[in-house]
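Inspection log for the structure reproduced underneath, given as structure tokens.
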Amino acid sequence: MSKNIVVLPGDHVGQEIAQEAIKVLEAISEVSPKAKFNFQHHLIGGSAIDATGSPLPDEALAAAKKADAVLLGAVGGPKWGTGAVRPEQGLLKIRKELQLYANLRPCNFASESLLELSPLKPQHARGTDFIVVRELVGGIYFGQRKEDDGDGVAWDSERYTKPEVQRITRMAAFLALQHNPPLPIWSLDKANVLASSRLWRKTVEETIKNEFPQLTVKHQLIDSAAMILIKNPTQLNGIIITSNMFEDIISDEASVIPGSLGLLPSASLASLPDTNEAFGLYEPCHGSAPDLPKGKVNPVAMILSAAMMLKLSLNMAKEGEALETAVKQVLDSGVRTGDLGGSNSTSEVGDAIAKAVKQILA
């Protein structure tokens, strides 16, 4: 039976990288009897605003709700500005509507050959390996707010509930327990200032103690963690959890460690991937890069996002791992886009990965 994948290319480079993800998945389907896909394309973001006036058309949301998984390219661009209707509203809405409460962003080196591209010294960057787990549907991004209506006052509010924090803590614990020995959990907050952070810290501590006593959790203030991330990133190896906005910031900081935003994938899940069939939305960590010429964007992050989809949502661990291996082989061979010091185009990198994964699975 084919897996139904809704593809939301989005804006600018999102169109190109979505094509490359489909290319490698179709290559896998040629050699793996289990891997059969039905791709449905829909609009989101600025392209959706241009066509329909809405950043997330009803038909796109309805299709996503019926799909086995969603692949998303990238959303946004200066064309749509910061007006009342913005591309990013489509992202926030689909996350909320699909109850995608946990965003997973691995931070590691897809290949050791990329160490020299890190802005950090190799001796500091080598061995960096953690997963940032972001609470995705609560906090200040979804709290009450007031716009400046001419009185010169605007505000946003952060609200978290105990069940919301428990849920994201259980996701972190599940991921930690997939390793032997289990990985440590780092919980980042601002408990010395914010009431919401004090609830966060208390709830994380209680949940781990009562439900996962075999795990260790370490609490770190977010500003201190940001410093550690640059000074000694391997100190944070393991699973990192924090609130929506803090994770948005810290994960972008972490994303530059491997040398390019074009390398890091992400998964947004609606449940624990304990059966390898959790519903999820998969997208690269980078944005839509509107200034990048055609054929220059690195498709690796999008392709690795597809690998995460295979493993976490489609119960195709063998195929997902083969795709990750193919990416490593291609990068090691020197086939790279310009952000990695190479001269290959987007499609050439995709072609090479598609060829490599077929050879691995054949």
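Using the three backbone atoms N, Cα and C, a Cβ is placed for every residue, glycine included.
Feature annotations, courtesy of Swiss-Prot:
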type	residues	note
BINDING	77-88, 287-298	NAD(+) binding site
BINDING	Arg95, Arg105, Arg134, Asp223	substrate binding site
BINDING	Asp223, Asp248, Asp252	Mg(2+) binding site
SITE	Tyr141	site 'Important for catalysis'
SITE	Lys190	site 'Important for catalysis'
Maximal Cα-Cα distance (Å) across residues annotated as binding substrate, namely Arg95, Arg105, Arg134, Asp223: 27
Densest Cβ neighbourhood among Gly77, Gly287, Pro290, Pro293 (binding-site residues), 10 Å radius: Gly77
DSSP state at Gly83 (NAD(+) binding site), helix/strand/coil: coil
Which of Asp223, Asp248, Asp252, all binding-site residues, has a Cβ with the fewest other Cβ atoms inside 10 Å: Asp223
Collapsed DSSP category at Arg134 (substrate binding site): strand
Spatially closest candidate among Gly77, Asp248, Asp252, Gly287, Pro290, the listed binding-site residues, to Arg134 (substrate binding site) (Cα to Cα): Asp248
Spatially closest candidate among Arg95, Tyr141, Lys190, Asp252, the listed recorded positions, to Gly83 (NAD(+) binding site) (Cα to Cα): Tyr141
Local backbone state of Arg105 (substrate binding site), from DSSP in three classes: strand
Inter-residue Cα distance where the pair is Asp252 (Mg(2+) binding site) and Gly77 (NAD(+) binding site), in Å: 18
Euclidean distance between Cα atoms of Asp223 (substrate binding site) and Lys190 (site 'Important for catalysis'), Å: 8
Nonlocal neighbours by CB distance (under 8 Å) for Tyr141 (site 'Important for catalysis'), same chain, sequence gap 6 or more: Leu92, Asn244, Met245, Asp248
Other CB atoms, at most 10 A from the CB of Arg105 (substrate binding site): 22
Assigned conformation of Asp248 (Mg(2+) binding site) - DSSP reduced to three states: helix
Those binding-site residues listed as Arg86, Arg95, Arg134, and which of them has the most Cβ atoms within 10 Å of its own Cβ: Arg134
